[in-house]
Amino acid sequence: MNSRLQEIRERQKLRRQLLAQQLGAENADSIGAVLNSKDDQREIAETRETCRASYDTSAPNAKRKYPDEGEADEEEIEEYKDEVELQQDEENLPYEEEIYKDSSTFLKGTQSLNPHNDYCQHFVDTGHRPQNFIRDVGLADRFEEYPKLRELIRLKDELISKSNTPPMYLQADLEAFDIRELKSKFDVILLEPPLEEYYRETGITANEKCWTWDDIMKLEIEEIAAPRSFVFLWCGSGEGLDLGRVCLRKWGYRRCEDICWIKTNKNNPGKTKTLDPKAVFQRTKEHCLMGIKGTVRRSTDGDFIHANVDIDLIITEEPEIGNIEKPVEIFHIIEHFCLGRRRLHLFGRDSTIRPGWLTVGPTLTNSNFNAETYSSYFTAPNSHLTGCTEEIERLRPKSPPPKSKSDRGGGAPRGGGRGGTSAGRGERGRERNRTNFRGERGGFRGGRGGTHRGGFPTR
């Protein structure tokens, strides 16, 4: 409790220092000298009311009509002339811009001067993004309060490290390279193309060729995808959200999830130094679209996927300007979710070479890939799967068993009718209505406390 109170006090002290710097005060204790007092605020409010009243009477739609001849006396005509002269004098006055010395005008709520949890206003005042205050975002402390999940992650990491193939990498220009020469089908394909958007936002000249979405769409991903597989495509935060879906459809995948990378600025608070000319707001997140191919149900295909282990959010510190590398946590999410061992990373770099993955990219400085050696790791039956231990199976989140009508106290299943339950329309209807993996509840953990979305939407 004392440490928590101390942390709150330190944050309050930091905020006061930042406010003093922005308001031009000598120190945090002298902020009150530059802010409006209650009397000043009351005077400002009265002045506003007076201005509004005068504007209401002097507005163009509130102008009095010139009195008709014969219907008005001389006194009304004189009043009309005085009003016209007053309006002309006000129009000739120089415009004075009102200077706001504090944020009381923009406070959240109308009955209180306390901004409470108005993180958006706090960002305006201090430059700290709202996502800076989300707790337990790191891999080390995320499951600190959930011992079962922490143990599950530990066991899965051990199993993955034991079943990983040696890291392989291939330096190749993907624009000219025929990816069918890899001579393998992959369970997971991760694409990290160097989009023009990344360099357009930073204003830095690209040190590698930028790919357009037309170029990305020409990649023959469908030729190397296993019958049931997943693709993860980093698509930025602009036009790629729509064009990325087009790519997934072209490759034979259905979009089933959107993993968001939320960027914090705890170490360097302030406004974004660069802004995409096509953007209206400052963009502080990126998206990774996830596609599914084939039929995969989380309730029956536990040999291939383990759902609800991770969340669909990645929250890390924003990298330096010009650094377009993605957080390493995306690899953990993929490895925890899909039990397939044949993993391919396209547009990889030397820094992303990883056990259990085949990394292909134009910026790699070396190659050790051999198609026959790589295929030899998966010759035995089911050798393309990591497998699962009894302890992991016991700890991992599972889908609740489906409830039938008899379980709820009903009678025979619908469609039993003539010919018995097996011949009725109900059984065929249930078979027809069985959805694939995306139709069932979430692929990733929906997040505790309602912070995150709960999985794959239905079509």
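Using N, Cα and C of the backbone, Cβ positions are placed for all residues, glycine too.
Here the structure is a predicted model, which means the values were calculated and not measured.
What Swiss-Prot says about this protein:
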type: REGION; residues: 50-73; note: region 'Disordered'
type: SITE; residues: TYR146; note: site 'Interaction with METTL3'
type: SITE; residues: ASP242; note: site 'Interaction with METTL3'
type: REGION; residues: 245-254; note: region 'Positively charged region required for RNA-binding'
type: SITE; residues: ARG245; note: site 'Interaction with METTL3'
type: REGION; residues: 255-258; note: region 'Interaction with METTL3'
type: REGION; residues: 278-287; note: region 'Interaction with METTL3'
type: SITE; residues: ARG298; note: site 'Interaction with METTL3'
type: REGION; residues: 308-312; note: region 'Interaction with METTL3'
type: REGION; residues: 392-459; note: region 'Disordered'
type: SITE; residues: SER399; note: site 'Interaction with METTL3'
type: COMPBIAS; residues: 409-423; note: compositional bias 'Gly residues'
type: COMPBIAS; residues: 425-443; note: compositional bias 'Basic and acidic residues'
type: COMPBIAS; residues: 444-453; note: compositional bias 'Gly residues'
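The most densely surrounded of the recorded sites ARG245, ARG298 is ARG298 (count of other Cβ atoms within 10 A of its Cβ). On the backbone, the CA of SER399 (site 'Interaction with METTL3') and the CA of TYR146 (site 'Interaction with METTL3') stand 19 Å apart.
Each of the recorded sites ASP242, SER399 was scored by how many other Cβ atoms lie within 10 Å of its Cβ, and the smallest score goes to ASP242. Among the recorded sites listed (ASP242, ARG245, ARG298), ARG298 has its Cα nearest to the Cα of TYR146 (site 'Interaction with METTL3').
When Cβ atoms from all protein chains are considered, those within 10 Å of TYR146 (site 'Interaction with METTL3') total 13, not counting its own.
Rounded to a whole value, the Cα-Cα separation of ARG298 (site 'Interaction with METTL3') and ASP242 (site 'Interaction with METTL3') is 27 Å. For the region 'Interaction with METTL3' (308-312), residue counts in helix, strand and coil come to 0 helix, 1 strand, 4 coil, using DSSP. Each residue of the region 'Interaction with METTL3' (255-258) gets a DSSP state, and the totals for helix, strand and coil are 0 helix, 4 strand, 0 coil. Along the region 'Interaction with METTL3' (308-312), the predicted structure has mean pLDDT 90. When the region 'Positively charged region required for RNA-binding' (245-254) is classified with DSSP, helix, strand and coil residues number 6 helix, 1 strand, 3 coil.
Counting residue by residue with DSSP, the region 'Interaction with METTL3' (278-287) contains 0 helix, 3 strand, 7 coil.
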